[in-house]
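Listed in TrEMBL:
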- 1-35: region 'Disordered' (REGION)
- 24-35: compositional bias 'Low complexity' (COMPBIAS)
- 59-184: domain 'C2' (DOMAIN)
- 199-328: domain 'C2' (DOMAIN)
């Protein structure tokens with residue numbers, strides 16, 4: 001029997017970033033035990049692997065489906081007909097093994113996921129399957145229906161091919177047109193709705209861009225970005241009143257170990273004060289438009305770390321070094337902080353930003 005709780009992780013993919021090779025600056029780590037300052041380099045990285053849970057396959061194509069509420073059964077019926085022009089997971093043979101999965105949000109665990117069968121070796125799969133949810137019509141008004149298309153490879157790993165979301169609050173169930181099959185364009189992954197409404201707390205921080213750390217030097221030097229993690233406020237309590245939180249920082253697209261820094265863990269409070277400054281060097285002016293500061297807050301318990309929330313501070317363009325990436329997804333508040341930092345060199349720019357759910361990049365070794 002297959003375990004239905006398998007995670008949807010992408011097949012391990014990597015792509016090369018068109019970063020020019022620079023003379024690698026000396027990599028020093030001044031991370032002291034008190035956790036006050038640490039220094040890393042972002043230069044010299046020629047290639048970075050970014051393999052997020054939602055993969056790096058392009059999203060294209062359409063899905064045809066219809067929904068109906070059957071009063072006599074108190075069931076929502078999702079009739080999944082077919083997809084066309086999907087992205088090819090196997091680029092050489094130009095084919096995928098796609099299936100469709102549905103959730104009712106915000107509480108996707110409660111109703112569970114429903115899945116079609118996997119169609120083999122096709123970009124135009126035909127399903128003609130009905131996926132059913134036992135649910136009261138009134139409760140349905142509080143839900144969103146999420147349909148996503150995935151490629152399943154021979155190792156049972158799943159790669160995201162696109163999704164559609166319908167808000168059922170405003171859906172007219174009595175309109176006959178709404179019961180007809182319709183084509184919907186597949187879209188890129190959106191943040192899970194369940195977590196957007198959820199309060200994950202805030203982070204108080206300050207950023208500073210130092211274009212010339214060593215003024216007066218004849219040779220052109222690269223700049224530094226300083227990240228001062230001051231404190232977090234109202235972190236969610238996952239284990240009753242116990243919390244042992246720390247903050248991790250990565251400068252995307254570089255997910256290598258040397259790009260990662262973290263604060264010390266602060267226990268027994270949902271308002272931890274860190275006062276930890278992290279310094280990243282190797283920033284050329286053009287890197288500021290391509291890079292993104294990912295700050296994530298974790299609860300350390302026994303041997304595992306539980307994700308609490310995070311920030312991605314950058315220009316939020318959806319691209320990095322000419323490649324479309326999921327992680328360049330900064331909110332307007334996060335973009336505003338980065339813009340102020342870039343436009344006000346050599347001065348600390350402070351902000352208190354709401355933590356949010358992130359689809360975390362897989363770290364390369």
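Counting starts with 1 at the first residue shown.
Every residue, even glycine, has its Cβ placed from backbone N, Cα and C.
Quantities reported herein were computed from a predicted structural model and do not represent experimental measurements.
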Practice problem: Mind looking up the mean pLDDT for the domain 'C2' (199-328) in the predicted model? | Solution: 90
Exercise. For the domain 'C2' (199-328), jot down how many residues DSSP puts in helix, in strand and in coil.
Key: 7 helix, 70 strand, 53 coil
Exercise. Tell me the residue counts in helix, strand and coil for the domain 'C2' (59-184), as DSSP assigns them.
Key: 15 helix, 62 strand, 49 coil
